[in-house]
């Protein structure tokens, strides 16, 4: 029987069993479950009291079933000693022939058996990997339709004399949402995403219909262009005018409405421009004065930590200090509250710890 066993497991009967020679066969590696479940030959002394002692007799926990290691699913790879002991427990003895057959069958199967995946998961993966042919055909048809509409939009816009910016402003007049020139340009060049192209398509379709039917659409577009230009006009003040405003601010930081009108008339500016400039200048003065006062207070107070550093002993425990010095370790900390001179912390006794390798 020994010739049929694998090299990893060579069955050796427990002490007290029979053998061919005086010393019996050479000892080899034995599965512990086979050793515990072995009863011994008839008439010979067993390895424990009773018939077929199990793991409970030797004080060892019972081995869990193989499927407990896999979360309730059967393990597909070959397991060592599965055929040696029954799954129900380790107390039932097993004949020597059956144990050897179990070892032989498991040792010969070198490659693990593949686990069978659940049918539902395999079906879902297959549906994800294989696209629906009907959906792909619909997407291709929509893409072709968008390409044709983009060409039609560009031709209609150029024929009627609209720019891309005019189209965006007209959409704002018709639907309440203004689109930029870049968006219209990217739509005509098919550079937008498929999702954004589909969202913008119905709005542009309505614009084409309005451009064909409404003759006043271009006049509305021009009026909207003027309104957009008036909304935001950046004010630029010359250096000479800014210097005059600065000198007037030093004389009167908060002028009245009559004074603002007089200043605007002298400098040739609008009243709103002068009023906003004085308001911004006052805010700037408040920020600069507050920063200056905080800096003066900080310099007058001096160092926030008088009295120098204060040393606090660390909590007892292993610390990495200089080797060879067994004194207590201290760390230098700074307290936000100044301590009067003469006061000191009560002495704290810290027992130096020895090396953990040589401790008793």
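Even glycines carry a Cβ here, placed using N, Cα and C.
The structure displayed is predicted, hence computed values, not measured ones.
The region 'DNA-binding' annotation in Swiss-Prot falls on one of the ranges 173-179, 180-186, 201-207, namely 180-186.
Using a 10 Å Cβ-Cβ cutoff, residue 235 (phosphothreonine) registers 10 neighbours.
Every protein chain considered, the tally of other Cβ atoms within 10 Å of the Cβ of residue 236 (phosphoserine) stands at 6. Under the three-state DSSP scheme, residue 235 (phosphothreonine) falls in the coil class.
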